[in-house]
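I have a structure here, written as structure tokens, and I will follow up with some questions on it.
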Ligand code: SF4
């Protein structure tokens with residue numbers, strides 16, 4: 001029988017895991033302490049919060065936002081951040097997914113002792129995601145959902161008088177986004193996506209306190225702390241482009257374990273040449289939300305849904321925006337032709353969330 005591996009930090013207890021981020025063998029207590037200390041280090045190094053601020057935590061009921069809410073509440077008390085924390089959930093209207101994950105958020109509200117506010121697509125836009133999916137078909141659902149969710153969180157946070165939104169994006173999410181924006185050649189988003197604090201200039205600031213936390217370590221932390229979260233994947237996720245970036249990232253990670261951190265670092269270090277034209281921020285002429293076009297993406301997508309042309313807002317926006325602003329009842333055929341191009345990517349196999357057993361490594 002091989003001798004049990006001792007914790008590399010306290011050298012007293014048996015190691016319960018090998019940290020995916022550092023390879024260190026740690027016991028449960030030392031891992032939990034290291035994880036919390038690192039999130040605190042991220043918060044203080046980037047000066048994410050100021051005392052007295054109201055912070056709306058985007059709470060989906062999944063592992064990332066559940067860990068975020070738990071750790072932020074704990075660090076707020078432990079280190080006296082002086083924050084007023086709230087939970088803010090978005091109900092996209094996805095039966096069998098969001099209704100169940102919101103039930104987890106409601107259970108955590110009691111445990112955390114934080115107020116919860118829920119905004120829904122149905123009340124904000126008059127459409128649920130399930131209804132949108134029936135109109136749009138199996139592809140591009142995440143385009144609608146992502147655009148609507150971003151606005152819904154901003155609107156909900158503004159309603160609550162929040163100064164900032166904290167989201168549960170982790171290092172793997174950011175690495176995937178860097179990869180996706182690179183593959184799409186989206187320089188504007190590529191430059192912003194690795195920033196820990198975004199917004200300002202009229203938008204509510206958003207921050208990512210788990211920016212340097214690996215997904216696998218979030219799963220382990222949730223397990224060791226006995227957190228209650230919802231781990232089923234969204235029914236529309238297998239068709240999402242992000243899934244392909246995730247699969248590529250996992251392949252790269254298998255041969256080079258530091259891939260996640262490397263990609264986050266690449267995103268941070270990216271410099272855009274001064275002569276590259278970047279989108280300029282203005283406000284949507286219809287709803288007043290921040291937009292680099294005369295109409296924001298949400299208004300264009302909504303217009304398409306309401307006209308019975310759900311693919312209207314997918315693709316290049318310029319001529320379509322002009323047609324809508326000019327009040328044309330019919331969108332020119334040439335524009336519509338461009339909108340019916342179909343994506344060639346095949347759906348990915350459904351991806352299960354990693355379990356603590358998958359990632360403990362000792
Ligand atoms: Fe929305 Fe797509 Fe995420 Fe499902 S997978 S919740 S449709 S963004």
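Each residue, glycine too, has its Cβ placed from N, Cα and C.
From TrEMBL, for reference:
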{"type": "BINDING", "residues": "58, 59, 60, 64, 90, 168, 173", "note": "ATP binding site"}
{"type": "DOMAIN", "residues": "55-233", "note": "domain 'tRNA(Ile)-lysidine/2-thiocytidine synthase N-terminal'"}
{"type": "DOMAIN", "residues": "282-312", "note": "domain 'Cytoplasmic tRNA 2-thiolation protein 1 C-terminal'"}
Under a criterion of Cβ-Cβ distance under 8 Å and sequence separation of at least 6, what residues of the same chain contact residue 60 (ATP binding site)?
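Listed in sequence order, they are 89, 90, 101, 105, 168.
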Per DSSP, to which secondary structure element type does residue 90 (ATP binding site) belong, with helix, strand and coil as the options?
strand
Quick check on the binding-site residues: of 64, 173, whose CB has the lowest count of neighbouring CB atoms inside 10 Å?
173
Around residue 58 (ATP binding site), how many other CB atoms lie within 10 A of its CB?
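Here the count is 23.
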Give the residue from the binding-site residues 59, 90, 168 that has the most other Cβ atoms within 10 Å of its Cβ, counting over every protein chain displayed.
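Of 59, 90, 168, the one with the most crowded Cβ is 59.
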Could you please provide the mean pLDDT value for the domain 'Cytoplasmic tRNA 2-thiolation protein 1 C-terminal' (282-312)?
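A mean pLDDT of 86 is what the model gives the domain 'Cytoplasmic tRNA 2-thiolation protein 1 C-terminal' (282-312).
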If the ATP binders are 58, 59, 60, 64, 90, 168, 173 per the record, what's the largest distance between their Cα atoms, in Å?
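Pairwise Cα check on 58, 59, 60, 64, 90, 168, 173 gives a maximum of 19 Å.
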Summarise the domain 'Cytoplasmic tRNA 2-thiolation protein 1 C-terminal' (282-312) as counts of helix, strand and coil residues per DSSP.
10 helix, 4 strand, 17 coil
Going by DSSP, give the three-state secondary structure for residue 58 (ATP binding site).
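Once the DSSP labels are grouped into three classes, residue 58 (ATP binding site) ends up as strand.
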